[in-house]
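Colleague: The structure under discussion is supplied below as structure tokens; questions concerning it will follow.
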Amino acid sequence: VIYNSTLLRPPSFVACNAPPVPLDDIVVEKTFTPEKCDRAVQQGDFVRYHYNGMFPDGKKFDSSYDRGTTYNVFVGRGQLIAGMDKALVGMCVNERSLVKIPPELAYGKNGYGDIIPPDSILHFDVLMLDIWNPEDKVQIQTYYKPEKCGRAVEVSDYVRYHYNGTLLDGTLFDSSHTRMRTYDTYVGIGWLIAGMDQGLLGMCVGEKRIITMPPSLGYGEHGDGSDIPAQASLVFDVVLLDLHNPKDEITVEVQSLPDSCPRKSKEGDFMRYHYNGTLLDGTFFDSSYSRNRTYDTYIGKGYVIAGMDQGLLGVCVGERRRITIPPHLAYGEEGTGTKIPGSAVLVFEVLIIDFHNPSDTVQITKEKPEQCGYTTKRGDFVKYHYNASLLDGTYIDSSHRYGKTYDVVLGAGQVIPGMEQGLMEMCVGEKRKLVVPPHLGYGERGVDGEVPGSAVLVFDIELFGVEEGLPEGYMFVWNEDVSPDLFKEMDRNKDLEVDPTEFSDYIQQQVNEGRGRLAPGFDPHRIIDSMYHNQDRNKDGKITEEEFKLKAEEAVAHDEL
């Protein structure tokens, strides 16, 4: 194929169709043409190429391969023989050509010492490896950009990225992927070669770029001494995974809010929340959902990373928010050593399940009937219906599913403390909503399979009945004056001893006839049995008149008879 010297990127011709070749011109036969030619050699470009120099008979007189280094030179500045200056123009990187140069465009009638005889035709097998120009700047080709880009790289940002580094001909010289570790550095402050400092600016997390730079912005005239040769253009295929600035604070994006928010979290609260944790590029590292259990902790007191401590303040129960935390407020330069790399920005998608404060009391919302006479107190036997849920509305239990009221004695420890408080001073027909903090509910342990540990509880209750209790400490009281012949009335068989049956029958009779009253809500047989053993001072299984008198003479304190 013959090329006119004025053509910079000549079209390809099949050799057999070539026009006649003047004897004084060069002949260029392309032996390999790359599919893609982003750039062709122009006058004034600097090139790096390999060659084998041969005479027409195939005898080699010179080779860059033998010297183990490319031939590096400016084109069109008289630094090459005239034929080579012409032949290199229009070549692409990775193109290979056989160049035939007549003597008058090579070493002419004088030849070159003992190496090249006079009037020699020279053949050069040329492989083009690199092209650049002193006027070149960094070239950036973005081949993927995420739809959302909240922030782009600026000077003094700290970035984490992966890259493959190649020469212009595709030769790989380095890769962060093979080390399985990102390259982490500041941008724009001289920690990187100049071309990379420029090429990373404006990138978004997730963006992918090809950054091409001339040697003046790479490793210059000397290369890196090992894998990067002198005067080499560099190509970096970069994907940005993370960026932050040392001045960054957390960012909070509220994704959804509940319809009502009676209270927002504050420092010192104990919170239960779910979260998904990812790196800034979306790489998953942890989730409370996968453990099927909320993360439970105090906030604002250093129990969690500083950024989360801040990000959980001022939230509502049921709120969803995204908290983005720079590394100096997370796991710092070291990371966790496993799933969280050093200097990583963290993103938490959180859902607030509930929170409370150790100083919280039961919150009571009342809905009283129009008429409210007697109100409940300690010792009363109450009958009520309830619906129980967690603070986020998760169903726990309901008395309705059992088809009957829930019946307890107030003050007897038969229900959680928060419920006992919520049932006090309540009248029949009244409805209440109780919000019970865990220390007045089921505490840190909760109820296995029903109530999570440290859960705030919500009860909707309605009082259906109440039976007035006895004074505190009493299980039986008289409604009228005590008979002076109490022992004789009990001793029906007149054997001067009261056995358990006589005692029980007598007490039951007094209750049935309204002269006495047992504490409501307890097993009457157990109460009477306890009363009998309390009266039986010597524990011989019977009560004598003397024991009766001695008991009666004691100071009145919790004395049933």
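Keep in mind that glycine also has a Cβ here, set from the backbone N, Cα and C atoms.
Under the heading domain 'PPIase FKBP-type', TrEMBL lists 44-132, 156-244, 268-356, 379-467. TrEMBL lists 478-513, 523-558 with the feature domain 'EF-hand'.
Describe the structural surroundings of these features, if you would.
Modeller: When DSSP labels each residue, the domain 'PPIase FKBP-type' (156-244) comes out as 16 helix, 36 strand, 37 coil, counted as helix, strand and coil in that order.
Assigned with DSSP, the residues of the domain 'EF-hand' (478-513) fall into helix, strand and coil as follows: 18 helix, 3 strand, 15 coil.
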Colleague: Which of 44-132, 156-244, 379-467, 478-513 shares the most C-beta pairs under 8 angstroms with the domain 'PPIase FKBP-type' (268-356)?
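Modeller: Checked against 44-132, 156-244, 379-467, 478-513; highest Cβ contact count belongs to 156-244.
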Colleague: Using a Cβ-Cβ cut-off of under 8 Å, list the residues of the same chain that are 6+ residues beyond the ends of the domain 'EF-hand' (478-513) and lie near it.
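Modeller: Apart from its flanks, the domain 'EF-hand' (478-513) reaches 524-525, 528-529, 531-532, 535, 541-545, 548, 561.
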Colleague: By DSSP assignment, list the helix, strand and coil residue numbers for the domain 'PPIase FKBP-type' (44-132), in that order.
Modeller: 14 helix, 37 strand, 38 coil
